[in-house]
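Only one structure is covered here, and it is reproduced in the block below.
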Amino acid sequence: MARVLVVLSVVVASLFFSQGATFENQRLFNNAVIRVQHLHQLAAKMMDDFEEALLPEERKQLSKIFPLSFCNSDSIEAPAGKDETQKSSVLKLLHTSYRLIESWEFPSKNLGNPNHISEKLADLKMGIGVLIEGCLDGQTSLDENDSLAPPFEDFYQTLSEGNLRKSFRLLSCFKKDMHKVETYLSVAKCRRSLDSNCTL
C-alpha cells in the first residue's frame, strides 16, 4: 500500500511539473507573439507616416520601387508561403524568426530612436532564444554554421531625409520582415498549444 502511494505521489508530482512547464512555455510564446505584433504595428505606422509626408509625385515614384527591391533578409532561408510555413517544424520557425530579428540589430538604429526599436528587437531576440533552447532540449541547433546576412551597409552610408528611395526600402523591408516573424511565431505558438487547428 505504501509503495502504491509513493508511485501515485511521483505520478501526480510529474503531472504538475509537466503542466507547469507547458503553462510557462505558452506564456513565453504569448509574450513573443505580443512583442512582434507590436513591432509589426509600429512598422506599419512608420510606413504610413513616411508615405503621408511625401508629395504626390514622390509617392507615385516610390510605389514602383519596392516590388522590385531586394531586402537584406531575402538571403535568409525562410519558409515561403502558407503551405511551406505550415509544413515547417516549430524549431525551424523559431530559428528563422531569430535570424530575421538578428538581421535588424544594426539597421534598426536608422529607424528612429523615440520608439526604442533596437531595444524591442533585442528583447524579442532574447525571448526567441529561450524558446529555441526549450525546443532543443539537448539537441544540436540547426544551421549552426549559417552566416548572418550582410548588414544594410548602403543604407548606413546614404540614409538621410533627402534619400527617399533608401528610406522607403528600409521601412518597407522592416515591415515585411516583422510580418514574416509574426506569422512564424503565431504558427509555432499554435503548434505548441493544445489547439489542433493551426491553419493560416
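Just so it is clear, glycine is given a Cβ too, placed from its N, Cα and C backbone atoms.
These figures come from a predicted structure and were not determined experimentally.
What Swiss-Prot records for HIS38, GLU182 is Zn(2+) binding site, and it gives similarity to another entry as the kind of evidence. All protein chains shown were included, and the count of other CB atoms within 10 Å of the CB of HIS38 (Zn(2+) binding site) stands at 15.
Annotation comment: Swiss-Prot describes CYS71-CYS173 (among others) as disulfide bond, evidence class similarity to another entry. Over all protein chains present, the Cβ of CYS173 (disulfide bond) has 23 other Cβ atoms lying within 10 Å.
According to DSSP, CYS198 (disulfide bond) sits in a coil region rather than a helix or strand. Using a 10 Å Cβ-Cβ cutoff, CYS198 (disulfide bond) registers 15 neighbours. Feature annotation from Swiss-Prot assigns disulfide bond to CYS190-CYS198 (among others).
Among the features that Swiss-Prot reports, signal peptide is placed at 1-22, with the record citing similarity to another entry.
Calculated from their C-alpha atoms, the gap between CYS71 (disulfide bond) and GLU182 (Zn(2+) binding site) amounts to 17 Å.
Under the three-state DSSP scheme, CYS71 (disulfide bond) falls in the coil class. For CYS190 (disulfide bond), the same-chain residues that are 6 or more apart in sequence and have a Cβ closer than 8 Å to its Cβ are ASN197, CYS198.
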